Amino acid sequence: MEKLLIICMLLISVLVATSQSQTDPETFLRCLVREGSNPQVFISDVTYIPSNSSFTTVLRRRIPNLRFDKPTTPKPIAIITPTTWSHISPVLACARLFPVQVRIRSGGHDFEGLSYTSTAPFFLIDLLNFKSVDVNLTEGTAWVDTGATLGELYYKIAEKSNVLGFPAGLCTTLGVGGHISGGGYGTMMRKYGLSVDNVVGSRIIDSNGNTYFDRMSMGEELFWAVRGGGAASFGIVMGYKIRLVPVPEKVTVFSVGKTVGEGAVDLIMKWQNFSHSTDRNLFVKLTLTLVNGAKPGEKKVLATFIGMNLGGFDKTLNVMNRDFPELKLKKTDCTEMRWIDSVLFWAGYPVGTPTSVLLNPTVTKKLFMKRKSDYVKRPVSRTGLGLILKKLVELEKVEMNWNPYGGRMGEIPSSRTPFPHRGGNLFNIEYIIDWSEAGDNVEKKYLALANEFYRFMTPYVSSNPREAFLNYRDIDIGSSGNSTYEEGKIYGAKYFKDNFERLVDIKTKFDEINFWRNEQSIPVRK
């Protein structure tokens with residue numbers, strides 16, 4: 001018995017030593033020396049391990065969510081910031097030899113930090129050096145690298161044309177890679193659909209380092225999957241070829257806020273019927289936030305109707321007076337501007353801000369953040385709305401964005417791309433909780449508030465499954481530490497509905513060993 005115990009202890013010590021050596025940064029660097037065609041330049045210029053003085057700076061550069069920027073947050077074994085696509089093959093060759101995961105970071109806006117952290121040992125490939133945007137006015141298209149931000153993309157388009165744009169997100173520091181691969185919506189989705197509905201080509205690298213430079217070489221199945229199915233489950237998308245869309249020389253934006261005492265309830269009730277059925281050139285978003293009341297410590301809900309119409313003052317007022325006269329929109333509430341300037345408006349910049357600010361990929365104010373999402377298929381009743389507004393005041397910290405669907409969104413079949421939330425949806429809800437105070441107990445409190453409000457909203461939103469939007473990633477709806485099919489189906493059905501099974505089949509075909517995985521990746525079928 002004593003001899004058996006000694007043998008077991010020796011075996012365990014050997015296994016531990018082997019595991020530690022396989023996840024040691026220096027061992028990884030030696031592997032790169034073997035695999036890299038020009039290892040000296042490769043290692044010194046684009047690879048960072050914890051002993052490098054720049055490691056922390058490089059890691060934190062694209063972490064906007066302070067929840068995942070703490071001393072206790074798991075850090076990568078190494079960060080690779082390739083400057084050419086040929087740098088990636090040796091990284092993948094070494095990664096296949098190590099018992100580790102690979103995370104791909106575009107802009108770092110994954111709300112659960114899955115693009116740059118992991119509970120398992122991992123390498124991080126950061127695409128921040130890939131930010132080329134090549135606009136082709138003759139074709140009306142552009143090739144955009146996945147490390148570019150939406151702001152950089154918008155700026156480059158407007159640099160070439162005042163009458164072309166692209167339907168994508170409001171936050172200009174979002175990385176193109178994560179945004180498009182999750183669906184990507186913005187103020188023109190009722191007119192032109194999502195970002196993925198306007199992608200016509202892609203380039204991708206698989207786990208073996210093979211590069212597919214166009215749609216034909218990768219095939220229609222893989223091309224379908226990386227347009228809304230979460231590209232990080234299938235490989236490293238190098239770039240997307242996008243179709244640019246016509247925009248008028250002038251668009252009109254407006255923002256009108258009303259409290260309950262100023263008639264907000266009636267306006268919200270009308271908004272639920274108007275926003276998805278009005279002219280598709282018009283997008284009117286509703287935000288529900290808290291403001292101070294007249295008495296000390298009193299809080300009340302402010303409903304803000306923020307809109308953009310693809311047209312000038314007259315067209316905007318005509319449509320609003322016809323379809324939403326209750327808001328009593330006036331010309332003085334509106335501002336005419338170029339489409340590129342509306343990008344700044346939606347991003348929260350003051351009118352007149354130079355467009356060059358879009359070239360700054362840095363998040364100016366970092367916060368602790370939690371996001372959740374829902375889909376609404378029938379109008380919330382007046383009674384239900386009253387309860388929702390009351391709950392917002394009770395919890396104090398939760399805010400809501402209601403984003404209208406309809407128009408083009410209702411015409412595209414749910415199976416056209418992996419993003420399934422099409423016809424039948426009135427609007428999408430984004431739940432927002434941001435805070436600045438540090439501390440584990442503070443974080444637990446706010447996460448509990450988010451979950452409490454999410455449970456409270458159950459009667460008013462979709463069910464079986466309760467649908468969710470991948471770009472508002474929420475680990476609470478399900479996760480899989482082992483990327484199993486059974487666990488993956490729990491969150492997969494919510495993000496992708498019936499499209500989940502097709503994604504699993506494609507994943508199994510193109511990544512049978514499940515090399516590309518995270519806590520909410522597409523699993524393989526076993």
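From the backbone N, Cα and C atoms, a Cβ is placed for every residue, glycine too.
Quick look at what Swiss-Prot annotates:
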type     : residues    : note
DISULFID : Cys31-Cys94 : disulfide bond
DOMAIN   : 72-247      : domain 'FAD-binding PCMH-type'
CARBOHYD : Asn52       : N-linked glycosylation site
CARBOHYD : Asn136      : N-linked glycosylation site
CARBOHYD : Asn273      : N-linked glycosylation site
CARBOHYD : Asn482      : N-linked glycosylation site
SIGNAL   : 1-21        : signal peptide
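Location within the structure of each feature annotated in Swiss-Prot.
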residue	record	Cβ neighbours (10 Å)
Cys31	disulfide bond	19
Asn52	N-linked glycosylation site	14
Cys94	disulfide bond	24
Asn136	N-linked glycosylation site	12
Asn273	N-linked glycosylation site	13
Asn482	N-linked glycosylation site	11
Alpha-carbon spacing, Asn136 (N-linked glycosylation site) to Asn482 (N-linked glycosylation site), which is rounded to whole Å: 43
Between Cys31 (disulfide bond) and Asn482 (N-linked glycosylation site), the C-alpha gap once rounded to whole angstrom: 26
Collapsed DSSP category at Asn52 (N-linked glycosylation site): coil
PLDDT averaged over every residue in the domain 'FAD-binding PCMH-type' (72-247): 96
Rounded to the nearest Å - Cα separation of Cys94 (disulfide bond) and Asn482 (N-linked glycosylation site): 21
Secondary structure of Asn482 (N-linked glycosylation site) (DSSP, helix/strand/coil): coil
Three-state secondary structure, Asn136 (N-linked glycosylation site) (per DSSP): strand
Between Asn273 (N-linked glycosylation site) and Asn482 (N-linked glycosylation site): CA-CA distance (Å): 43
Where Cys94 (disulfide bond) falls in three-state DSSP terms: helix
Pairwise Cα distance for Asn52 (N-linked glycosylation site)/Asn273 (N-linked glycosylation site) [Å, integer]: 57
Secondary structure at Cys31 (disulfide bond), reduced by DSSP to three states: helix
